[in-house]
Amino acid sequence: MAIVTSQAELQFVVITPHTSSDATHQIQRSSVSTIVARRLKESSTAILTKFHAGFFRVSLSLGGQALLWKTLMGPTDDTSSLRITLHMFHPRAFTLLWSFAFLTLVLLSVLYLLRCLFYFKMVKEEFLHHVGVNYLFAPSISWLLLLQSAPFFTPNNHSYVVLWWVFAVPVVVLDVKIYGQWFTKGKKFLSAVANPTSQLSVIGNLVGAQAAANMGWKESAMCLFSLGMVHYLVLFVTLYQRLPGTDRLPTMLRPAFFLFFAAPSTASLAWQSISGAFDTASKMLFFLSLFLFMSLVCRPTLFKRSMRRFNVAWWAYSFPLSVLALASTEYAEEVKGGLARLLMLVLLAFSVLVAIGLILFTLLNTKMLLPHNDDPTASHLDSHLPEVSRQRKSATTTSTVQTNDKTCV
């Protein structure tokens, strides 16, 4: 009996270390998985809370470039050597560009949908912001640009019609809300909230009109075109006069001044699609956009402070240049003169170089894409950050104050 007992005790002693070792490994694995899950949650929270509609500047730029190159590689009556050279580019290069723009827009749209699902209060605050609300038009504009430049189906396709409705309806809904606030009394009337980004609401109507005209829907196109142009005239006069309260664009967002010539450029293209020719009205709008472009280019000091550190606001340079180059292409095809072709070449080269430069800057500065504390479109959302982030921020502030106190002592 003693031997059995000792064997039992010895057996118990031998088994116990293995059991504790397995439990230790399980605890370690569970702790590692917990840490990984916590890190993923924190990173996803940081991305969704700092992400905003202003990031759709990237998709606007890529969509404008896709539409520009589809026009350049499409059928034309211009027999100049420049257009013949441009037609030598392989169609797969354009398909690759369009696919890259499409994947970028899909990624941005998914992120914003997740933001709407999990942080709807921050989206609501963005809607109430005088700058952030205008970029809510950017997703619809981006999708309409990719719809027009899509290499897979024509405007006569049934899918084209369905997608046009899906992307154009949000523009009209935002029009009803924002334009209604502009001419009614309250804190949101035009003279109090007008800024250069307000022209995105006009561009949304004009891009929708151009897409509708391509389908042959002249009445719908005229409706959107007239809605956009009437409000553009009022907005342009308001911004031109600099009434009290209209100069509310932070220094960081000064690249949005390029939207001044993006609106008339888009209007010239939309009217060409409606009328069927680059007629006198389209030329007048093109000349206006060219004049505004030259006025801004001759004042580089206006953008000096906003160019000190890379941020996503830099992408505001690209889309206006793309639509201006596209309008110059249509103008050169209509006029067929040497000076018009030279102007088209200069604007086309400028547009492509700026787009390539922005892509390279973005790849080299991916850590600087998410807005910092000085981002004017994200700072007003700080009150809706998760509790953990606010506690960390308060702890950091407290430690900084304590350090300063010790230094003073």
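Cβ from N, Cα, C; glycine included.
For 96-120, 132-150, 162-180, 192-213, 219-240, 252-272, 284-302, 314-332, 338-364, the entry in TrEMBL reads transmembrane segment. The compositional bias 'Basic and acidic residues' feature in TrEMBL is assigned to 380-390. As annotated by TrEMBL, region 'Disordered' applies to 380-409. According to TrEMBL, the compositional bias 'Polar residues' annotation covers 394-409.
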For the transmembrane segment (219-240), could you work out the same-chain residues 6 or more beyond its ends whose Cβ comes under 8 Å from its Cβ atoms?
-> 168, 171-172, 175, 179, 182, 190-191, 194-196, 198-199, 201-206, 208-210, 212-213, 246, 260, 263, 267, 270-271, 273-274
Taking 132-150, 162-180, 252-272, 314-332, 338-364 as candidates, which has the most Cβ pairs under 8 Å with the transmembrane segment (192-213)?
-> 252-272
Report, as numbers and ranges, which residues of the same chain sit near the transmembrane segment (132-150): CB under 8 Å and 6 or more residues beyond its ends.
-> 52-54, 56-57, 59-60, 63-64, 66-67, 69-70, 98, 101-102, 105, 108-109, 112, 125-126, 160, 163-164, 166-168, 170-171, 174, 178, 195, 197-201, 203-204, 207-208, 210-211, 214, 377, 380
